[in-house]
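Engineer: Feature list, courtesy of Swiss-Prot:
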- 52-112: disulfide bond (DISULFID)
- 59-106: disulfide bond (DISULFID)
- 60-93: disulfide bond (DISULFID)
- 113-126: disulfide bond (DISULFID)
- 53: N-linked glycosylation site (CARBOHYD)
- 115: N-linked glycosylation site (CARBOHYD)
- 1-23: signal peptide (SIGNAL)
């Protein structure tokens, strides 16, 4: 009699735990989606470096439109939603310093970017600058 009761309790617990496990969401996102508003024009016109705040000057290995496939994939993986896909996005960027010498320390694509808050991977709202 005790064995039957133990088996019944075990079966009940197994079913109850299975129901709780099935009710648990599988996709528990820890990184919420970030919407970024950029007011920089989507043009490729070059501006003088003096018209850009020093903290916004970046040296990027690549500068592409936000609508290009590689950039849209990276934005999607990072959970970044842009309101305007006509802006330029810099990839693998680092701040331009005067200490670097030469071209202001940039041998790639010098740009002025509005949003540099995603580390060195991506800068959003970029405009090419002449150093």
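Any Cβ shown, glycine's included, is placed from N, Cα and C.
I'd like to know what surrounds each of these features in this structure.
Structural biologist: DSSP gives residue 112 (disulfide bond) a strand state. Sequence-distant neighbours of residue 112 (disulfide bond): residues of the same chain at least 6 apart with a C-beta under 8 Å from its C-beta are 47, 49, 51, 52, 53, 56, 57, 58, 126, 127, 129.
Counting every protein chain shown, the Cβ of residue 93 (disulfide bond) has 27 other Cβ atoms within 10 Å. When secondary structure is read from DSSP and collapsed to three states, residue 93 (disulfide bond) falls in the strand class.
The Cβ of residue 113 (disulfide bond) has 25 neighbouring Cβ atoms from other residues within 10 Å, across all protein chains displayed.
The secondary structure of residue 53 (N-linked glycosylation site), as reduced to three states from DSSP, is coil rather than helix or strand.
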Engineer: Given the recorded positions 93, 113, 115, state which is nearest to residue 106 (disulfide bond) when distance is taken between Cα atoms.
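Structural biologist: Ranked by Cα distance from residue 106 (disulfide bond), first place goes to 93.
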Engineer: Which of 52, 59, 60, 106, 126 (the disulfide-bonded residues) has the most other Cβ atoms within 10 Å?
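Structural biologist: By the 10 Å Cβ neighbour count, 126 comes out on top.
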Engineer: Counting other Cβ atoms within 10 Å of each Cβ, which of the glycosylation sites 53, 115 scores lowest?
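Structural biologist: Counting other Cβ atoms within 10 Å of each of the glycosylation sites 53, 115 gives the minimum at 53.
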Engineer: I need the CA-to-CA distance for residue 59 (disulfide bond) versus residue 113 (disulfide bond), whole Å please.
Structural biologist: 10
